[in-house]
Amino acid sequence: MNPLLHPRSIPKSHPTILLLVAASCAWFVPLASPQRIPIDPQGAPEYAHSIRLDGDIILGGLFPVHSRGDRGTPCGELKKEKGIHRLEAMMFAVDLINKDPELLPNITLGARILDTCSRDTYALEQSLTFVQALIERDGSDVRCANGDPPIFTKPDKIVGVIGAAASSVSIMVANILRLFKISYASTAPELSDNTRYDFFSRVVPPDSYQAQAMMDIVTAMEWNYVSTLASEGNYGESGVEAFVQISRETGGVCIAQSLKIPREPRTGEFDKIIRRLLETSNARAVIMFANEDDIRRVLDAAKRNNQTGHFLWVGSDSWGSKISPVIGQERVAEGAITILPKRASVDAFDRYFRSRSLSNNRRNVWFAEFWEVNFNCKLGMHGKRPGSLKKCTGLEKVGRDSSYEQEGKVQFVMDAVYAMAHALHRMHRELCYGYPGLCPRMANNIDGKELLNHIRAVRFNGSAGTPVVFNENGDAPGRYDIFQYQINNRSTEYRVIGSWTNKLHLKLETLRWRTGDPSLPQSVCSLPCRAGERKKVVKGSPCCWHCERCEGYHFQASEFTCELCPYEMRPDINRTGCVPIPIIKLEWHSPWAIIPMFISMMGIVATSFVIVTFVRYNDTPIVRASGREMSYVLLTGIFLCYAITFLMIATPDIGVCSLRRIFLGLGMCFSYAALLTKTNRIHRIFEQGKKSVTAPRFISPASQLVITFSLISVQLLGVFVWFAADPPHTVVDYGEQRTQDPISARGVLKCDISDLSLICSLGYSILLMVTCTVYAIKTRGVPETFNEAKPIGFTMYTTCIIWLAFIPIFFGTSQSAERMYIQTTTLTISLSLSASVSLGMLYMPKVYIILFHPEQNVPKRKRSFKAIVTAATMSGKLTQKGGDRPNGEVKTELEHLTFLTTHINIS
């Protein structure tokens, strides 16, 4: 099998053979003898569009010497850097290899360099020259003018090809001809497919690495919404496809639009592209895989549409650090971030190229054209530059009379040539060991697989000192420099801002933007949500969302969800987590506590004063007539009603809660048990007096105390049962002040006493109070001289009014946020008012008489005058009514009245 051409690559019926037949006339030279074959590359017509360097082994070269032509012409203007610099680099590398005694000793490398004119179809037509040596020519039907058979010049056998530059050219040439190729600039990812392009290698990394590097740049800039722009063709489309694929795999970056620049753009096409990009104006970053000409026209369209400073350009290596795309539109390109395979300038090439002149570089058939373009002059009448330009002198010097900067791919061109040379050297050492020059095994036939293995196995330091290696797919490792186009003090430069070697290393502090703001510009569909807000993603666009605040007691659990805080917690100020709800209680300094405490303290002082007065005047008639034992029980209850206020305000704990249960209803129970016993005694005496003069049972002081403490014991028994059924403890009630705004939420520390328990605790005392009121009503007709029936009645009426007012206030505020304060204050004040009414109506008049009118504090026998008058009055009434009664009945009622007077005033 021929190593240079796969058997299925060019079948005899392949249409490309027609191109060879059409080109064959260049090889049919009418010669009288073989010596007439021209060998001067500039003089031979068949080499007019190619460069030929003789050698033992010939390498092909494909370079875009000219740009793509317009209006049907295959070639356009000369490319000084991408064309001339690169092909000169190949010839320079061949020269160095031929001079190197260690590399391919006694073997001379030659070259056949063609112009692709930046067009894949034209490049394919030119590349057919490389396979002419493999095609047998039949000249039986062809005769020269003199009738002699034609003499064919022997075509060069091309071992391998250096090139091409454009990926589309490399793909087409590799698909059709399947030549050994080492490219210096083709970066399309599909060329890494070893099953289709098994003879293809490259010294530049594929765009899959470049796309990853560009994705890392976008991520580092915190951009998540970008557009892509590609030149139609393998390079642009495959580069964008690789970028889009990476964005899908990694996530976090969304593609707003993917636009394509046609091969033959119509008028206004680039203005239309700018308008399309502005449809998603938030996607300011534009990822560009476009050729140099398209980049320049895109920038120009952005400038025409007044979009200077809007777009954030991220350019691939086709932009790199080139000046030509940004000339005249520096402002619109300012801030552009570009990427370029890591490279270094080759100083030896600079010296070589600066020394080139028309006289010493006749082997380059395009050098005269370069001379005219570079120095803006014309070479005689046959020069290719139109117009009235100055005439070239031939004494101009590159770098002195014109600007010069080494083109970026020069290093890679030289590395590609050296890679082929090292592979051939390894192969020569293996097949021709010890044989000077080419041995027959290499001269006649080179095994393709064997040479491929040697190419993939090369490893050496390239022209810039960087290692040159290939992986199993023939790709070079990814090493890139990251540039930013900056304008500083009216000067422009591509400044290195970082590098990429499997991972990004970016110097953010070196970035400069048009606005002068050091912060990174934004290219996002939606701005980041603030703390405490969740993202509600727009369907079909994961980088676009609406921000929704976590409301109520919800906090931001993740980027996309809000969750409810635990019941005892609330969201923090940023709603990014939960914090415990503050716990409060009724403080001593609160106005809700100060007022009840003031009333209680005044009541305690007044009660203590009454008790002290009664103790001091214990044996006086008024104290004795009041019922000393029952009075002290009643005053104890009044004192407890005042004292419970302080327990209700104190910080809840087990001890306080226990005391609250005991004394909350005990004070009222003491008071109303004593009053009930008193009113019951009066009622029983009067009822008994209506029937007979015999005294009722259990009216002695001792009996009264037993009855009173029996009633009180019922309250205590209920409390003890409550203790056993539900031991006292504290709770934190988070529902009482759970407001709609979590900031205002509070947990209330309280004793575990429900409203029902409270009512049950006070219920027995209220029952005593109601019963006492009933007896007060029944005894309302007792004469005012007969003990305390009427003051007790007034006390009970007033107390009932107080507690009737308490019930709606207490239960009506159960849903209020101030519930704890209102209910505690209402309860304590109601207790204090009840105690104050009893104290004021039952004991203050007595204390007043004891202290200020001691003359009235005498036994009732000494002031029986009033009793006599009263008795006489009642006697008169009875006499008036007794006209119709028997005398015996009237006499009996008078006896009963005397009996009642006697018993009621007994202390």
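Backbone N, Cα and C atoms are what each Cβ position is placed from, and that goes for glycine too.
Just so you know, TrEMBL annotations are computer predictions that nobody has curated.
These come from TrEMBL:
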| type | residues | note |
| --- | --- | --- |
| DOMAIN | 592-866 | domain 'G-protein coupled receptors family 3 profile' |
| SIGNAL | 1-34 | signal peptide |
| TRANSMEM | 592-612 | transmembrane segment |
| TRANSMEM | 632-652 | transmembrane segment |
| TRANSMEM | 658-677 | transmembrane segment |
| TRANSMEM | 698-725 | transmembrane segment |
| TRANSMEM | 756-777 | transmembrane segment |
| TRANSMEM | 789-811 | transmembrane segment |
| TRANSMEM | 831-853 | transmembrane segment |
Discussion item. Please determine whether the transmembrane segment (592-612) and the transmembrane segment (831-853) are in contact (criterion: at least three Cβ-Cβ distances under 8 Å, sequence separation 6 or more).
Written reply: yes
Discussion item. Looking only at the domain 'G-protein coupled receptors family 3 profile' (592-866), what is the model's average confidence as pLDDT?
Written reply: 82
Worksheet item: When each of 632-652, 756-777, 831-853 is checked against the transmembrane segment (658-677) for Cβ pairs under 8 Å, which one has the most?
Response: 632-652
Discussion item. Restricting to CB pairs under 8 Å, which listed stretch, 756-777, 789-811, 831-853, is in contact most with the transmembrane segment (632-652)?
Written reply: 831-853
